[in-house]
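Student: Please find one structure pasted underneath; my questions will follow.
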Amino acid sequence: NIMDTKFARRTERIGRTTCSYWRAGKCNRNPCRFVHIETPSPPAACGYGNTAYSYGKKPHSSSENTPKYGSKKALLRDNGDRGDATRVAKAFKKSSPRICKYWINNNCVHGEQCLYLHSWFRGDGFSTVTKLQEHKKVITGIAIPVGSDKLYSGSTDGTVRIWDCHTGQCAKVINLGAEVTSLISEGSWIFVGLQNAVKAWNIQTMSEFTLDGPKGRVRAMTVGNNTLFAGAEDGVIFAWRGSSKADSPFELVASLTGHTKAVVCLAVGCKMLYSGSMDQSIKVWDMDTLQCTMTLNDHTDAVTSLICWDQYLLSSSSDRTIKVWACIEAGSLEVIYTHTEENGVVSLFGMPDAEGKPILFSSCRDNSVHMYELPSFSERGRLFAKKDVALIELGPGGLFFTGDESGLLMVWKWLEVPKVASS
């Protein structure tokens, strides 16, 4: 009957299929319904070789059991083994390039046959330098103080690590006993955001101070107009300026209120302080009076990052958009362009490449960082990580850094473009 025929065909198909767990040396079934020998692959569909990405790797699923679009075998099998090249090409075109999660952990068994990327990046003009893997949790700050040969990194694992820029080795670990939620440098100072406080270290005098006042985690800090600003979890921004007092070189001069939820990003530009919050708003503060001059409400989810670039303000959000703001009449800000990502945006960073072209880095909730050339927003390349990249920072000599939520700190370098000798 029909059911018996279907069962027989299914049994015959299973009997021809190699056990993926056996291939990986992990099958513990005895007996196993799949075969424990290698079976020849079906013939490739005509034109399949043209479906590879232009950056060199074929997109694929790293799981043979539950592929999203499937391996080549699965695609041909689902299509009745007709070898439909159009179906194969369309399926791979739909899938976005992703790094192989097994290759990341050094246990991919497919080797060159793997259909996911076996590379930390896609694109050209830049390359990886090294991986620093000592942190155990989210990296929340990276800084190289001016004139220093040390890299400072902070993490929610409760430590600040000091790295030797020449050897790439961790020279010192400072255990703070609490989550480090932000870290920046300004001159000879390192500022570390903690729960209910900011730690200030002077790397020249080796002095240390605690700045009290914030309530909850200090999620964002920046310096402008000789003022340190720290955004706290209760939505208040604290401002300290230099003081002549012997007990502390910093004096609390203002508490900027207005946000109703945590302040998670700050930026300074055009004599203004910009703050982004979980309350979905951006507030603009006058740096001289420390008063709020306007509130921007165009995002529909948490504002995750802000950067000032020339006369423009760029903002990102969990609503999957990047907005470009510009000043118009009467000094107000309006959105002049909105770029939409497939996933929520974690953070933004801007820097020039080796040729001086402006490049925008957009870290998204797909464990990757999209690189765009400005002002066109054409994609230049993509960086990959174990987990979402929490921050990006510029270094000296063409170096830049990414820190992800697994604690992996990657060092990258822009590559110089060879000059062609004139005839």
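Each residue's number is its place along the chain shown, starting with 1.
Each Cβ is built from the backbone N, Cα and C atoms, and glycine gets one as well.
Sharing the record's features from TrEMBL:
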DOMAIN    13-39  domain 'C3H1-type'
DOMAIN    94-121  domain 'C3H1-type'
REGION    56-82  region 'Disordered'
REPEAT    132-173  repeat 'WD'
REPEAT    256-295  repeat 'WD'
REPEAT    296-325  repeat 'WD'
ZN_FING   13-39  zinc finger
ZN_FING   94-121  zinc finger
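Explain the structural surroundings of these features, please.
Tutor: Sequence-distant contacts of the repeat 'WD' (132-173), counting only residues of its own chain at least 6 positions beyond either end whose CB sits under 8 Å from a CB of the stretch, comprise 179-185, 187-190, 192-193, 203, 390-391, 393, 395-396, 401, 403-411.
Taking H, G and I as helix, E and B as strand and the rest as coil, DSSP gives the repeat 'WD' (256-295) the counts 0 helix, 23 strand, 17 coil.
Within the chain, the repeat 'WD' (296-325) has long-range Cβ neighbours (under 8 A, six or more residues past its boundaries) at 264-270, 274-284, 333-350, 358, 360, 362, 365, 374.
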Student: Within the same chain, where does the repeat 'WD' (256-295) have neighbours whose Cβ lies under 8 angstroms from its own Cβ atoms, ignoring anything closer than 6 residues to its ends? I mean 6 or more beyond.
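Tutor: Counting only partners 6 or more residues beyond its ends, the repeat 'WD' (256-295) has Cβ contacts under 8 Å with 216-217, 219-225, 227, 229, 231-239, 301-308, 311, 313, 315, 317, 327, 331-333.
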Student: Could you tell me the mean pLDDT the prediction assigns to the repeat 'WD' (132-173)?
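Tutor: Across the repeat 'WD' (132-173), the average pLDDT comes out at 93.
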